[in-house]
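When I checked TrEMBL for this same protein, it listed these features:
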DOMAIN    B:38-398  domain 'RNA polymerase beta subunit protrusion'
DOMAIN    B:193-364  domain 'RNA polymerase Rpb2'
DOMAIN    B:439-503  domain 'RNA polymerase Rpb2'
DOMAIN    B:540-601  domain 'RNA polymerase Rpb2'
DOMAIN    B:622-651  domain 'RNA polymerase Rpb2'
DOMAIN    B:670-1042  domain 'DNA-directed RNA polymerase subunit 2 hybrid-binding'
DOMAIN    B:1044-1129  domain 'RNA polymerase Rpb2'
Amino acid sequence: MPKLEEKPKVLLEEFRVKNAPDDYGMADEKWSFKKFSKNFRIVIVRMDSSEMEFDLIGIQPAFSNAFRRLMLSEVPSMAIEKVMIKNNTSIIQDEVLAHRLGLIPLKADPRLFEYRPEDATEGTEFDTLEFSLKIKCTMNKSQPKDSFRTEDLYENHSVYSSAIKWQPIGNQASVHKEADIGPVHSDILISKMRPGHELDLHLVAVKGIGKDHAKFSPVATASYRLLPEITLTREVKGNEATLLQSCFSPGVIGLDTDGKAYVRNARYDSCSRNVYRYDAIKDAVILSRIRDHFIFNVESVGAMTPNIIFVEAVKILRDKCKSLLDELNSF
Amino acid sequence: MGEINKHPEWDTAKGLREPIKTLEDKWKLVPSFLQIKGLVKQHIDSFNYFINVEIKKIVQANEKVFCDSDPLFYIKYLNAYVGTPDLEEGFNVTKPTTPHECRLRDMTYSAPITVDIEYIRGNQRVIKNKQLIGRMPLMLRSSNCVLTNKSDFELSQLNECPHDPGGYFIIRGQEKVILIQEQLSRNRMIVDEFKGAIQCQVTSSTHEKKTRTNVIVKNGKYVLRHNALSDDIPIAIAFKAMGICSDQEIMQLVGTDDAIVKKMAPCIMDCHNLKIFTQNQALSHIGSKLKVKRFQTPNAKFRTPVDEARDLLATTILAHVTVENYNFYVKAIYLAIMVKRVIEAENSKAAIDDPDYYGNKRLELAGSLLALMFEDLFKRFNWELKSIADKIIPKVKAAPFDVVKHMRPDLIANGLFTAISSGNWTIKRFKMERHGVTQVLSRLSYISALGMMTRVNSQFEKTRKVSGPRSLQPSQWGMLCPSDTPEGEACGLVKNLALMTHITTECSEEPISRLACNAGVEDVKLLGGEEINHPAVYMVFLNGNILGVTRQYKKLIKIFRMFRRRGLISAFVSIYPNHNQRTVYICSDGGRLCRPYIIVEKGYPLVQQSHINELNRGIRKFQDFLSDGLIEYLDVNEENDSHIATIEAEIDPYVTTHLEVEPFTILGVCAGLVPYPHHNQSPRNTYQCAMGKQAMGTIGYNQKNRIDTLMYNLVYPQCPMVKTRTIELTNFDKLPAGQNATVAVMSYSGYDIEDALILNRASIDRGYGRCLVYKSAKTIMKRYSNQTSDRILGPSRDANTGKVIKAHEVLDTDGIAAPGEMVENRQVLINKQMPPATLNPISQGQPQQIDYKDVPVTYKGPVESYIEKVMVSSNSEDAFLIKILLRQTRVPEIGDKFSSRHGQKGVTGLIVQQEDMPFNDRGICPDMIMNPHGFPSRMTVGKTIELLAGKAGLMEGKFHYGTAFGGSKVRDVCGELEKHGYNYHGKDIFYSGLTGEPLEAYIYSGPVYYQKLKHMVQDKMHARARGPRAVLTRQPTEGRSRDGGLRLGEMERDCLIGYGASMLLMERLMLASDAFSADICGACGRLASRAWCHACRSSAAVSAVEMPYACKLLFQELAAMNIVPKLTLKKYC
C-alpha cells in the first residue's frame, strides 16, 4: 500500500482506540511549510450567525486543539463583572443575583473595547459598558376578576434580561448603536418577584477572557471531532445489510438495488460502534477516523459570529507566537 | 405457618392454572396509603390519641384529691381538655400563635390544658369549668395544631412549608423530636436462658405498677423470683398461697404428662419438707420473705405479714393479671403456664423465645411517653394541692380556702417543656430514668428531617458488645429499613421505619373480649386444670392476659379475621396461633408494627385491575380498599403466621394468604433515594443513608423565612435524572438536595487518587455546587431586678477623624448591623452593653451614672459574611430578642466533599479549566471526572446503571426510574441510547483537552446525581503560629474554635524519640508550648520564689531552670498534697 496516499488514521476497535499500525504519529514528521501549505485546507460546511461547522484538513492536532482552547478561554468577550446593588428586596440573594447577571451574554463587540487596567477604579468609555436594571413588581390594578394566574395578578412578576437598559457613558452613545449593545437574548429569566419586591441595580460590564471566568467565553462550546471513516471489508447483503445500516447513524450506510450495503457518507456517523455488538457483521467493517481531518463546531454565545471568533483565536495564536519569537530573539 | 386451605375444586396441577396477571400500577396504592398514614402519621396518631383520649383517662384515674385536715374537702376532676395553641401575653391575655412565630421568637408551641373541676370552697360545692392547670407542648400537624387540614395556600400564609412532615415539637424556639423508643413488649411471657438457667420472665405493667416476675430453675426446682421478695419462693408454695392447696390441683394446672410430673415432683416435695399445706401457711412463709419497707406511713394501720403477702400476690406479683376479691385462680393458671413454659424450654431449646424477635417488641411513641410524663406531673400537681390544703385549711381565715387560687399551671407546663427540651425522662413512680429521648430536629436537608421522624431508638446500651440486638432480624422484614442504620457504636440499635410501616395505637379491649366469648371462648375460671390442659384445647390470650380457652381455635381465628376485614373490629387487632404452646394470641395494644398487605383468596389477589383503575381515577382511596376487605394490616406476629407472595407469579393457590403491595416499600425514606439499590453492595446503601442526611439542598419552602443557627442551601438544586418511586412519594423531587453532574469515569492528573474528584472550572463558574450558608447570631436584652437593663448603643466614632471605627462599620444608627452589609472577622453585629452585676436599686428621682460594660455580639470567621436579615422581637419573658441572619455564598473549592447516591464520597482534588477537560464528539465536557478505581472494590453497580439511565433520560427527555426491585431495565435504557446514536454500553470517544488527540480508551460518561455534603474546607481550615494559651497550664489552647495549636501527640512524640531528634522534641514539647524559667533552690531542691528559697531563707543556691510550666505546676500541686518533689541540681558543663 503506497503510504503517501494513505491518510493518517486511528482505528476504532471494539475496546480501544488504536493508531494505525503503519502510522508513526504526526509528531515525528518533519514539519515543512511547503508541504503544509500544499495539504492544508479549510472547508466551511455550514455557517450562520450563531453556529458554524468547518473542516480543518491536513493540520496537526496540536494546532487544531490550540484553536479550540483559545476560542474557549482566551478570545475575549464582554460580560457583567460588577453589580452595584442599590436596592434588592426580591428573594434572590445579592451574590446569586450578581452571578446570574454575569452569565447573561451581551452583544457588544469586544474588539471595540480595551481591557480595563487592573488598578483602575473607575471605568472609562473605552473599557466599560454600563447598564441599569430597575424594576418593581406591583399588583395589577386592571386585573380581570377571579383570575389566579400570576400573569394577571401582578405586573413585572418575572424579570427578564430585556429589563437591562444600557447607560452610555462618555461618547459611547455616538460610537455604538443602541441595537448593538445589550443582552443577546431578551427572554432570559433573571428573577421572579411578587408585589413589594424591587430591583434597582447598576451593572458594569468589562472585557475579559474565559480563562478568568466562563462568562467571558465567547462560545457556548467550541470543539472538534475527527472525520469518521468506515470501510467494508466484505460484501454485506440482505438482513445483515439492514442490520449494519441500523448500527450507524441514518444516511451513513446505503443499500444498493441488490440489497448490498455500501458506505454512503461516513461524515455524520456518531461513531457509536454498535456494530461490534453483532458477531455476524463485526468482521465486515473497519471503523476509523482520519487523524488530520478536524470537523470543528463552534457555537457562538452571540456577541461575535463564529467565523470572527475563530479568526480572533488565530490572531491570538499568532500574537503569542510573535511574542515568543520576540522573547527568543531578544535573548 | 398458617392454615393451608385445600380447595378441592382445583384438581388441575398447579402449573396448569392460568398465570395471574400482574396488576398494573399496583404501586399507586403506596401514595394512597401515605396520604392517610403518612410517614410521620404514627407520631401524630399517637399524640392525637394522647391529647384527645388518654389525657382524659389519666385525669379520670386520678380524679379525686382529698386532704387530711378536712374530711369534707375534695377536688374532683370532671373532664380535661387540651386547647389550641396560643401565647400568653401577660394578664391572662392570650393570642393564637403559629409554629413559625414560635420558632422565630424562641417560644414554645403549646396549648393550655384545662379541666372542669368540682370542689369544696368553705362549705359550698363549687363547679368551675375551664380551669387552667398547665400547658401542653403541641406536636405540629396534630389534631389541635393550626396547620392541620390547611391547604397549601393557607400553609404559606402561616409561613409553613406544605411538605414539612410535622410530628415534632417546638420548645423554646427549638424543634424537638421525641424519637420512637423500642422496648420489649410488656405483659408477655418471655422464656430465655440466663447464665445457663432457663427462666420465664414477665414484665407486668399497669397504670400503677411496673414489676418483673420470674419463674426460674434453681437446683432442679422451680421457684418464683420477684424484686419485692428477699428470697425465691418455691413454686408450690406460691400456688398454695394462691389458694391452690392440693398437690393434685397444682399438678393438673401445670400438666399431668409424665415428663412434667417428674420435673414438678421435687417442687411438690419442698412443700412437704417445709410443712406448708394450707394457704395461710404459704402466705406466712411468703410474708417472712418480704423485703422490709423503709418508709412506713405513720397512720397506715399495722398489718400482719400474711395480709401483706396476700396483697403483694394480688397487686404486685404478675400485676397485670387482675385479682378480684382475692380469687387467685386466674393468676394461678397464669403462673402454671409460666412453669410449663420453663419445663418445655428445658426439654427442647426450640421453646426458648428469641428476645430479638420483633414480634416481642413494642415501639413507644411521643404520645405514650408524654402520657407517662403527664401522669407523673399531674400526680405531683395533685399532691401539691393536697399539701397546700393540709396546711391552709386548719388556719382560720377571712376568706374561705379556694383551691383554684393555688393551682399553678407552671408545674405541669415547665415539667413537660424541660422533659422535651432536655430529653431526660425521669418518672419516679416506675423508677424510670431515660436520657436522650428527644433530639433536635436536624434541618440539614429535607431528608435528614424526614429521616429523623422515622428513627427508632433502642434501649440497649450502646457500649455493650452484643451482636444479637444489632443484627438484622428476619422478623423486621418490611417493617424496618434493612439499610438505614448508622455505622459505629449505634449500629443496628438505631433503626428506621420502612415506608409502609404503621405503629398501632391502643384500642379498647372490651369489644374484643366480648367478640371472643361469642366466638366460643370459655372462661377459665369455670374450668379445672385437666380441661385447660387438654391437648385439643387452645388457650386464648388477649394482650398477655388469659381470656379463656377454646376447642375451635381455627374458627375463632377465622371469625376474628373476617370481622376485621369487614371493619367490625379495629383493623389493627391481630390474632395468631402458636401451635407449640397451643395458644391463640389476640393483640390490640399500642406500639405494634404493622403494614398493609393485599389479601389473597383461592389463589387470586382480591385487588383487581378494576380497583386499581378506580384508584387511578381518584374514585377509590386506600381506606376503601381497607373497608372493602381487599387489604388488611398485619403485625409482625400475624405476618409470621401468613404466607406472603412478593409478586403475583409467586402466588401458590394452596398456601398463599397475602400479596405484597410493593416490594420497594421494605426500604425506608433515606434508602429510598438510592437508584437501583438492589444492584449495590449492601453496605454502600447504608453509607448513602448516612450521607443523604448531610447533603445540602432545600430544607423546605419556608427556608427563606427561617432563622436557624446553621442552614445549608444549594443555589441551584435539581431533581435527580434517575428518580425512584420513593423520591416522588417523599417529595424529594420538590425539595431536592443535589445536582446532576455529567461524570466521566476516567483517570486524570493524579489528583484523583483515593476517591478524589476532578471538577470543571467552567461548571463551577456557571453555578455547579454553589451553596448558601446561613448562620445566625442572637442576643437577648435582659432586664435586671435592680431596674436596670441591657442597652444597645449606636456606632462609636473615632475621636480625631470623626469616622465610625472599623469594628462598628456595619452597624446601623440603632446599633444593630444593617441588612446587606458585609461583615468581616471581629466586627460588631450588635453593640450591646450590660450594667454591672452588683448594683443597688436606683433610687427614684436622682439619675445615677451607671458604668455599662461592653458585651458586643461579634462576628467570627476567616471569611466575611453578608447580613441577610435582622429580626427584633420579644421572647416569652418579654425581653427584647434580636436575631441576625448571616449569609455566605460558597463556590466549590479543593477539599469540598461530594458524594453520589451510592455511598461513594470523595473530596475535590483538582479544579480544571474547561479547555483542559476531555471532550467528546458532541463537544460535551464533563462536569466531574471520577476515577474508575472507585468501582471494583465498592461494587456499586447501581451507580453505573444510574449513569446509563440518566444519559438515556437526557436523550429521551424523560426521567428514568431506578426504584428498588424494579425500575427501568438496563436493556431498555441501552436500547434508548443506541436509538439516539450513542454507544450501547454508554462509552464514548473522548479527546484529551491537553493534546487534542483521541484518548485510547472509550470513556463511560453520563449524568450522575451528586450531593454536596456539608463538610467544606472553609469550615475546617486551621493553622496557627502564635495564639492563645490556657490559663492554668500556659499551654496552647485546643481546637479550631479557640484558635488552638496543633498537637504533637504521644505517637508523634514516639516517632521523634525513636529517631533520636532530641532537640526537636525539646523545641516542640517545651519551647513551642509552655517553657518556663523556674527558680530552684539547689540546697533543698524545692521551688524558690523570686530567687529566694523560703525554706532555706537564702538565695545563695537558687538557680533558674528551664522547664515546662506544666512541670512546675505539678510540683506545686504535689506540694499542696503533702508530697515534696525535690530536684537535684548539678552543673551541666
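Every residue, even glycine, has its Cβ placed from backbone N, Cα and C.
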Sort out for me which stretch, of B:38-398, B:439-503, B:622-651, B:670-1042, B:1044-1129, has the most Cβ pairs below 8 angstroms to the domain 'RNA polymerase Rpb2' (B:540-601).
B:622-651
Could you put numbers on the helix, strand and coil content of the domain 'RNA polymerase Rpb2' (B:439-503), residue by residue per DSSP?
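For the domain 'RNA polymerase Rpb2' (B:439-503), the helix, strand and coil counts are 14 helix, 12 strand, 39 coil.
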Using Cβ atoms and a strict cutoff of less than 8 Å, what residues sit near the domain 'RNA polymerase Rpb2' (B:622-651) while being 6 or more residues removed from its termini?
1-2, 19-23, 29, 32-33, 35-36, 358-359, 361, 475, 477-479, 502, 504, 561, 564-567, 571-572, 574-577, 585, 587, 592-600, 603-607, 611, 657-661, 663
Which residue counts does DSSP give the domain 'RNA polymerase Rpb2' (B:540-601) for helix, strand and coil?
14 helix, 28 strand, 20 coil
Across the domain 'RNA polymerase Rpb2' (B:622-651), what are the DSSP residue counts per state (helix, strand, coil)?
13 helix, 7 strand, 10 coil
As a test of reading the model: what is the averaged pLDDT for the domain 'RNA polymerase Rpb2' (B:193-364)?
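Value for the domain 'RNA polymerase Rpb2' (B:193-364), mean pLDDT as a whole number: 82.
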What does the DSSP secondary structure composition of the domain 'RNA polymerase Rpb2' (B:1044-1129) look like, as residue counts for helix, strand and coil?
32 helix, 20 strand, 34 coil
